[in-house]
There are 2 protein chains.
Amino acid sequence: MSFLKLTVAYDGTGYAGWQIQPASPTIQGALAQAWLRITGEEPNFSASGRTDAGVHAEAQIVGVETQSTLSPWRLRKGLNAVLPEDIVVRLVEPAPTGFHATYDALRKTYRYQLHDGPAPPLFDRRYVWWWRAGRLDDLQMGQGGERFVGRHDFVSLQSLGSDRSTTVRTISNLSVTRTGDRLDITVTGDGFLYNMVRTIAGTLVEVGRGSKPPEWIAEVLAARDRSAAGPTAPAEGLVLASVEYQTA
Amino acid sequence: MSFLKLTVAYDGTGYAGWQIQPASPTIQGALAQAWLRITGEEPNFSASGRTDAGVHAEAQIVGVETQSTLSPWRLRKGLNAVLPEDIVVRLVEPAPTGFHATYDALRKTYRYQLHDGPAPPLFDRRYVWWWRAGRLDDLQMGQGGERFVGRHDFVSLQSLGSDRSTTVRTISNLSVTRTGDRLDITVTGDGFLYNMVRTIAGTLVEVGRGSKPPEWIAEVLAARDRSAAGPTAPAEGLVLASVEYQTA
């Protein structure tokens, strides 16, 4: 048996999220089917996180234990040959014994992508939230975003119905950058509550549109109440950008 | 009557090119239909150039003479509301009397986009030529590309069956840049022969894969023979990036 680490990119538009489901197309389901075709094995995948329906990934990390003797290079080539064009295995690498993509993850980086021009987005239209109500103030959003950085109770930013035992997380970095009509909110943290990045995005949009000042973010966190924050931004703008592990 | 200048972006994947045709979907056809719906007029569009089937545009320039009294802002909003999502009117601006997008163009910039990684392209998969045969040497390609810059007879780089009266053109800039697995060839010139940018790309790939040295480009030009150049690169990697006019 050997352990492998897969780096998987996907356009989540056509999928009901990462996690396998009986009646809906999922990334895990498509990847498991491809794996079975190439190796003959039913895989037991671990993933760095379960992305929701419509959410994209540049580098979802997937762990798998296998008896296959195919080289990483052959495996990648074979998987990509049978996967649909909206899922790509970017890398296959040997992983340490016992590697588990969920538990071993140290930090994850998500990017929330907005388009705030008056004309619709084009080439990135499947990967952005088109904000139609005028230019967002990205400087104000950046100032608001800084207040999320640090170790906080993020219970105000999680969707109801979540069952995580603790709602304290550490955000090590948050930046807001603009290129033309495109605005990216990039967030790195040691873990994220359910819908947390999308709620951070929706909350920063409240600041960007001028309905709240940057200082309001401190109130949102202090309230420890979901209704204190802004709305949950739509899934289509969210991309899992990278995951850090202690070991390669 | 007033003259307007439209800046139009499109994903050309689903179209038989710019120019209207009776039985195939075209960009001009879709735009004319939208224009009729919004203004009630049959438009007489001029365009900076006829992009071929499958070719994309970030900023195709379209001229039109109109009696419509709708403001540029209203026109853009109305057109985008009825256009399919793969065509976007980025700007509508007043143009000088007599403005003609074809004849008044001074310089055009095209970008040819390649992906040369071992794993397939994902987010830009509709907009690149995936070169599967290994890493291309972008430094060699840049050195070869410099030899295209200047005033030359580009007859070796035009597809057969073309009927332009002169095949002399001036390329003012050509650069090759890499970001990861993505390689962009950006070419600015005062005019381009039929398939010229795609043939330049296909010819530079011969250099990038190591089958020809950069100096070979001078021979290609000197031969004045299409068979001296490399193959025509596929349409999907080509993007009309911008067009310059003397007047705004």
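Just so you know, glycine gets a Cβ as well, placed from its N, Cα and C.
Here's what TrEMBL has on this protein:
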DOMAIN    B:8-104  domain 'Pseudouridine synthase I TruA alpha/beta'
ACT_SITE  B:ASP52  active site, nucleophile
BINDING   B:TYR110  substrate binding site
DOMAIN    B:147-246  domain 'Pseudouridine synthase I TruA alpha/beta'
Item to check | Separation of alpha carbons, B:TYR110 (substrate binding site) and B:ASP52 (active site, nucleophile) (Å) | outcome: 13
Checklist entry - For the residue listed as 'substrate binding site', what is the tally of other C-beta atoms lying within 10 angstroms of its C-beta? => result 24
Item to check | Neighbouring C-beta atoms (10 Å sphere around the C-beta of the residue listed as 'active site, nucleophile') | outcome: 18
